[in-house]
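What TrEMBL says about this one:
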| type | residues | note |
| --- | --- | --- |
| TRANSMEM | B:6-29 | transmembrane segment |
| TRANSMEM | B:36-54 | transmembrane segment |
| TRANSMEM | B:60-83 | transmembrane segment |
| TRANSMEM | B:95-114 | transmembrane segment |
| TRANSMEM | B:140-157 | transmembrane segment |
| TRANSMEM | B:178-198 | transmembrane segment |
Amino acid sequence: MGAETGAGRLWPLGALAVAFMALAPQVLQLFTIINLTTAIALALLGLSLGLIWGYGGILCFGQTVFFGLGAYAYAVAAQNFGDTSTAVLVAIAVGAAFAALLGYFMFFGRVSDVYLGAITLTVTLVFFSLIRRTSGPEYKIGDALLGGFNGTSAPPLTLPWDSAAILFPNQLFYVAMSALTLSYFGCVWLTRSRFGRVCAAVRENETRAELLGYDARLYKLGLFTIGGGLAGLAGVLMANGVGRVTPDLFGLPYAAQAIIWVIVGGRGTLIGPILGAFGIFYLNSWLGSQQLVNLNVVLGLVLIVFVLLLPQGLAPTAMDLAARAMRGRGRARRRRRPRRALAAEPAE
Amino acid sequence: MDLFLALALQIVYGVSNLALISLGLAIIFGMMRVINLAHGEFIMLGGYTVIVATSHGVNLWFAMLVLAPLVVGLVGVIVERVLIRHLYGRMIDTLLATWGLSLFLIGAVTTIFGPQTTTTISPPIGAVQIGGYGSSGYELFLILITLAAVAGVYAVLRLTKLGLVARATMQRPDMASALGVSTSQVYMLTFGFGSAVAGLAGGLLAPITGVVPTVGAIYIAKAFITVISGGAAILAGTLSASSLLGVVNGVISYATGPTLGEVALLLTAIVIIRIMPQGITGRFFRKSL
Amino acid sequence: MARARSRTRRETVVETRNLSMRFGGVTANDDVNFRLEAGELRCLIGPNGAGKSTFFKCLTGQLKPTEGVVTIRGVDMTGADPHQVAQLGVGVKTQVPNVFDGLSVRENIWLAARRAHGAERAERLTAETLERVRLGDIRARAVGALAHGQRQWVELGMVMAAEPWLVLLDEPAAGMTDEETVFTAELIREINRTASLIVVEHDMNFIRAIAGRVTVFHRGAILMEGPMDEVSADPTVRDVYLGHKH
């Protein structure tokens, strides 16, 4: 469907990502690069939520559960196998598999909206409580002690063909940035495929989709599973950026922030949640260094203001303004599409 | 026998505790179809009200039973006017906005009082003996006061004119406004009433749990899941869900420790929602309050 | 009666046997035995609350009948999900316009065409359907922004684009202007060239325009069946339905 829609605009974005990847390690300090890897991990988490919420209408309050599971799966597998490439695959598989399980449980029970939010939030908090409790020596998977409140160490990524060759922070940054870029383009492709368009149809009107002969539950399950896999990959990057995995990955603060990234960046876009995550991450560290206002005050106000005044989020609003500016220059090539259509079609 | 009695008492306390922290949220959800995710922070504000008041020499009972609900009820009215009012009929957006409010309140209270409170209040009632086992007198008192709160809410909904008008408005907003009732005012008062009940819970629990800005997180998941699994009927929903979840929590906690008890509670709630997507009262006791 | 004899040789495409639907204590459908033959255009009429829409929803899979059996082309579809009914090649239009508001007109139709067909065929069908429902000019607009009549046509277009052999329409002309109604009737006759139809309808003039056989519902059961003229002349029908015309 969408091959005609704005495909040209994707290339500059890809070029920008590659340029950033090439230049950042030259220009930025090592500390900043390490920090950036963490920000990229969070951006990927944001992308995964943006995909399932924006394109599937699945309001998941606990996307962190797949994030945390991915991170733990990576750490445990890497400690056991020594080979981090397998560990990455395990992490993605665990995130996707748990999403499939939870999704089957919810979608085939026709759980939706607030109830879905309640269940997913609860599940992530269950993991938070459970994993905090695993501090004793009896809580180990293979060689890996789970470590309770303090978490467990995450061995850094190595070269796939040489498990002794640990990646340097710069190389880790390349890996993270590539993972994010590829995931993003993968998601764009997905949302323009038949599968993605049907998911959007299910989001718009589940009854109608069913009356056309699409099994809405299966499409939601598929999208949710993909989102879980992506969040699992985000967990791998997070584990590498921080070097440890802790129960906090499952906690309320990350769960809330993921929602905020998507709201601020824009529901129904894929670039929005990524930019939202970066923006909030740096706002976060800036506020941390300033000691001016409490972070939660700012985050709370941001969320309220966006829900009340700018429910579209920044990315669609910016695109809307840009479109208006184009017309303002007298180039009324096409009739202005209503905003909802803009948000719904793959606009990146 | 004494052990059994002590265990039973512990479970009853767990049930009443769950009912107490959920009741305010249930009132707002049942009457307005609004989920207030800042509910945990409303409870937290109730606790801080008691701390501040008692440190200024106010009588503890007065602070817990009168000041905490009053202050938080007022906060609720303000929040309804400033925020919730703009979002009626948009359930998801309300959820998101109140999540924002929750973060804001955590941040604001941290800014004012710091991340920890040094002031602690000790429970005003000492231990009582049941056979060979000591039991907290204050917990017994909390069970009684929860019963009183439930009865009070029932009385307000069933007997007062406000309750009648509120129930009518919630069911048929168009009809009520045709009768000359200001829907807007009813919503405001209802939200205030629910918030006041949350404040009462916060005040009463302050001596037991202590008060820190992030204490709301402990309550919100439990209250949210209790209300959702209870369904739309305020009292029947809260009572049935708290009983079921409280017993599960109590038994599992007794057998394995508090963490697993909590996990069992949450998992049971998830299963309830999966089996009964409209909550317990969506299937049973439909006509009840 | 030559027509009736020839009809008996045709295939039965929809049949219900002893279908009943109860909600709590309310009986919406009571022992309905219904048959539709291939190529037929059948209108379901009856006063509000007669059970037409409930019956319709039992056919589409939106409701599971309390008792009785629904078969579509000989296949037992009792209690099937809507998507399973649709996958047989059944097109459904519900009472309230049921469309994808946030998506464009073209995409709405494409989603219907693409379900059963490959990419190329779907593209072609989409283009054809857009012309047939005369929405080609506004194909890029979001359906949510369209006028009521246009939204109804989008939905009809979605039904047509899937190339169904059986079509179920619930009040396709509701809320339309006279002019729009005429075009809708035209579309329905066009659909009938390749598909059997069941149309739930209130509007007598509209039923005359599409000229179908009529089944009258009353208190959840079938009161009588026959050509429109015969039915509208019947004193009982006049009493329960035409007498209380809205």
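Numbering starts at 1 and runs along the chain as it is shown here.
Yeah, the Cβs are placed from backbone N, Cα and C, and that goes for glycine too.
TrEMBL entries are annotated by machine, without manual review.
Below 8 A, the CB atoms of the transmembrane segment (B:95-114) and the transmembrane segment (B:36-54) form 3+ pairs separated by six or more positions in the chain.
Segment contact is absent for the transmembrane segment (B:140-157) and the transmembrane segment (B:36-54), given fewer than three CB pairs below 8 angstroms at sequence separation of 6 or more.
Cβ atoms under 8 Å from those of the transmembrane segment (B:6-29) belong to residues 35-36, 39, 42-43, 130-131, 133, 135, 139-140, 142-143, 145-147, 149-150, 153, 190-191, 193-201, 204-205, 219, 222-224, 226-228, 230, 232, 234-235, 237-239, 241-243, 245-247, 249-251, 253-254 of the same chain, restricted to positions at least 6 beyond its ends. Listed as Cβ neighbours of the transmembrane segment (B:36-54) (distance under 8 Å, sequence separation of 6 or more from its ends, same chain) are residues 21, 24-25, 28-29, 60, 62-64, 67-69, 71-72, 75-76, 79, 84, 94-95, 98-99, 101-102, 105-106, 109, 113, 117, 119, 121, 191, 194-195, 198-206, 209, 211, 213, 215-220, 223-224.
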